[in-house]
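Visitor: Copying in the features that TrEMBL gives for the protein in this structure:
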BINDING   230, 299, 332, 427  divalent metal cation 2 binding site
COMPBIAS  40-49  compositional bias 'Acidic residues'
COMPBIAS  61-75  compositional bias 'Basic residues'
DOMAIN    131-347  domain 'Peptidase M24'
REGION    1-88  region 'Disordered'
């Protein structure tokens with residue numbers, strides 16, 4: 001913490017006090033006064049002398065008068081409500097909290113003490129600093145959100161509250177060209193209710209209000225210099241859904257535990273499924289097994305890209321792909337009381353420019369101008385319609401749909417199980433570092 005500057009106040013000195021405390025009496029005020037009292041008939045020379053004495057005394061007092069030092073504002077030591085204090089102010093030395101660090105075991109146990117691996121860790125210090133910065137912003141935002149989100153809130157209020165907080169904590173509002181690429185939202189906040197499992201964010205005019213019996217998935221992405229922390233949790237206000245939430249949280253933690261260098265992705269999926277499907281939920285007198293949603297996966301995270309090339313299944317598969325040193329993974333699991341399978345349905349809010357997009361001769365002028373806005377403000381980071389709205393974009397849907405049709409931008413419709421079912425999600429981001437596995441998004445809450 002920055003040391004507080006001295007704040008002892010110096011009292012203002014009056015002219016008489018200043019003279020009493022150290023100004024030398026020239027032809028002093030007292031002498032001049034006595035002269036006036038006892039020699040009323042003195043000539044004009046005496047008057048001039050007295051006036052000079054008064055001026056000298058006043059000047060001496062002014063020289064002795066000290067300005068009161070300005071107080072330096074005390075550096076903040078705690079987060080505000082809602083979160084608005086920069087994470088960098090709370091950690092002014094630039095050292096941000098580590099996530100949960102887990103040592104490797106068996107044939108990789110040597111990595112913990114290997115000088116070579118420590119050196120590799122050290123040369124990646126900027127990478128680690130950015131990730132820990134983003135993770136702390138994520139933790140402080142979501143811990144506030146867990147108290148803020150209640151039945152009666154609209155989804156728009158919730159989305160704005162979370163996203164305003166993230167931008168404030170990393171110090172980038174994303175309204176100036178390129179500012180959102182420095183730090184801010186890693187992707188639009190997912191606010192998916194009940195049978196909707198993922199990719200729902202309210203578009204402008206959305207009036208959805210949270211209900212007491214809803215099950216809400218909250219998926220938040222925070223990035224600093226393109227290093228994205230992806231972590232999610234589920235909220236329910238009716239305790240009958242507790243077993244569903246417990247199943248998914250336990251399955252995610254099992255996947256995180258299994259993850260590490262040389263771990264095979266298909267085997268991790270098997271462990272996740274076994275834990276998930278050992279739970280069941282009773283709703284209105286009917287018992288439902290909790291099913292892993294088999295066509296949803298965890299994934300690697302790349303620089304400025306939320307979905308990398310590797311996928312972590314949440315059911316057992318024959319995928320022999322291994323986790324490797326340097327990988328960043330989002331271990332996310334979804335459980336459902338329905339079919340355990342999702343399909344696309346509903347109005348699209350999520351979009352992202354494709355990293356492999358080919359150059360296309362766009363014929364619609366609105367598509368060209370919108371692509372320029374996307375490149376300068378989001379790059380390959382996902383965005384939503386509300387983000388375009390806050391940049392002042394209008395009547396952009398024709399151009400946006402044209403970019404999707406030409407394969408330049410990918411759309412991500414909501415993913416839903418059957419109506420009447422309930423889904424839950426938990427997720428953590430892990431860094432497969434040379435020396436340890438770091439669950440970068442781990443917090444006291446989950």
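Quick reminder: no glycine exception, Cβ is built from N, Cα and C everywhere.
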Visitor: Check the binding-site residues 230, 332, 427 for other C-beta atoms within 10 angstroms of each C-beta and report the one with the most.
Guide: 230
Visitor: Please report the number of other Cβ atoms within 10 Å of the Cβ of residue 299 (divalent metal cation 2 binding site).
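Guide: A 10 Å sphere around the Cβ of residue 299 (divalent metal cation 2 binding site) contains 19 other Cβ atoms.
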Visitor: I want the residues beyond 230, 299, 332, 427 whose C-beta is within 8 angstroms of the mean position of the divalent metal cation 2 site's C-beta atoms, in chain order.
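Guide: Residues close to the divalent metal cation 2 site, other than 230, 299, 332, 427: 219, 231, 232, 298, 301, 329, 330, 331, 428, 429.
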